[in-house]
Amino acid sequence: METLVAVVVVAFLLFTINHSHCFNHHRRSQLQRNSLCAELIQPSGYPCTEHTVETKDGYLLGLQRVSSSHGGGDKNAKPTGPPVLLQHGLFMAGDAWFLNSNEQSLGFILADHGFDVWVGNVRGTHWSHGHTTLSVRDKDFWDWSWQELALYDLAEMINFVYSTTNSKIFFVGHSQGTIMALAAFTQPEIVDMVEAAALLCPISYLGHISSQFVLRLVGMHLDQMLIAMGIHQLNFRSDFSVRIMDSICDDEHMDCSNLLTSITGKNCCFNRSRIDFYFEYEPHPTSSKNLKHLFQMIRKGKFAMYDYGLLGNLKQYGHIQPPTFDVTSISESLPLWMGYGGNDSLADVEDFKHTLDDLKSTPELLYLDSYGHLDFILSMKANEEVYSNIIKFFGSRGSRGMSTSF
Ligand SMILES: *[C@@H]1O[C@H](CO)[C@@H](O)[C@H](O)[C@H]1NC(C)=O
Ligand SMILES: *[C@@H]1O[C@H](CO)[C@@H](O)[C@H](O)[C@H]1NC(C)=O
């Protein structure tokens, strides 16, 4: 039973408050039908179009393009400002940037400031569209980690937005989205397409993660366990998982609200009356291999490629050890902004300082003592406390003229 519980509670990496119905079954079936534009963005009054990008290894990713609600109501109005790509974190997808009100959500705020907003969705999430040959039921469909998300998914999305808009792009990433970015930015040809980047809860090292709950899962080798059990897809919206989740959340021995805090750190500022709404969208699936790669980072304290073991590494990389992503090689010419929180138990301050020491450039920093891991996307005050700083930073870095609304 411990194993089963362990499998399920990983889902709480995102949200869990004491709720008897963690997921809304009705909404779940709707999600499978609709697009992110139709589901969440257009209903708020924002023009939005859907795009599909194919990665080198055959995954079909959904991208949404969003522009200002003040554009006169033309559903297909073309945005005029500089492009910005938003890259979500683990167990999330592009909806993460639109979960609060128009005045509180970064996706809407950037659009209203005249940005040409592009919303990334990695492979395996609800808003990406499968694979050219593989089915989600195939084991091989889930044979990837954040390494592929960085070098294939993010690289392809950046390239697509860059060539579609014919402009260097701004980038905003959260959590795993920053792991992907820092890995991708070690490639000069990717940096060449990026104007500036803002990283929320930046992660390249996880050796000092302080989340007791995650450390327990690492200690019990949940990652190896899952793979040994033949579970390659982590999908907490399957009927089976939903039933177990519901029973766990009902279990008086398991305080779900404390559990959230023990995973992400104490989030000061998100709107508790919106939890049900958040759960209509989160969590999104990821692969067990990705979880294993993240756990390898925690165990070894390194920012390295996936470790296949001695022989596997020799075959894959020609070395016994997996190659590291060299943060020191990220071009000094790339302007970086970073926001981190004192109560974030996933992106630990000590690990963050390590990343900072490695970087050749000197990023602009924002430290918020009371912020936990989720506050950077869900805080009711994120606009004033975080996003206004990012917009100012982008405004000062842009090579193109910005609209007067800056
Ligand atoms: C919190 O969420 C509720 C429910 O969606 C909403 O009515 C309320 O305005 C939100 N409060 C703030 C301060 O954003
Ligand atoms: C965490 O947040 C609390 C208040 O919410 C604050 O008192 C504390 O200093 C914060 N920082 C750390 C590092 O715990």
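Every residue, even glycine, has its Cβ placed from backbone N, Cα and C.
Values in this document were obtained by computation on a predicted structure and should not be read as measured data.
SER175 (active site, nucleophile) falls within neither a helix nor a strand when secondary structure is assigned with DSSP, and so counts as coil. Residues near SER175 (active site, nucleophile) in space but far in sequence (CB under 8 A, at least 6 apart, same chain), listed by position: GLY89, LEU90, LEU200, CYS201, ILE203, LEU346, ALA347, HIS373. Per TrEMBL, active site, nucleophile is recorded for SER175.
Shown in sequence order, CYS201, THR264, GLY265, TYR371, GLY372, HIS373 are the residues of the chain, 6+ apart in sequence, with a C-beta less than 8 angstroms from the C-beta of ASP344 (active site, charge relay system). Residues or ranges marked as active site, charge relay system by TrEMBL: ASP344 (among others).
Taken from TrEMBL, the feature active site, charge relay system applies to HIS373 (among others). The DSSP secondary structure for HIS373 (active site, charge relay system) is coil.
Residues of the domain 'Partial AB-hydrolase lipase' (38-100) grouped by DSSP class, helix first, strand second and coil last, total 12 helix, 20 strand, 31 coil. Annotation comment: TrEMBL describes 38-100 as domain 'Partial AB-hydrolase lipase'.
The signal peptide annotation in TrEMBL covers 1-22.
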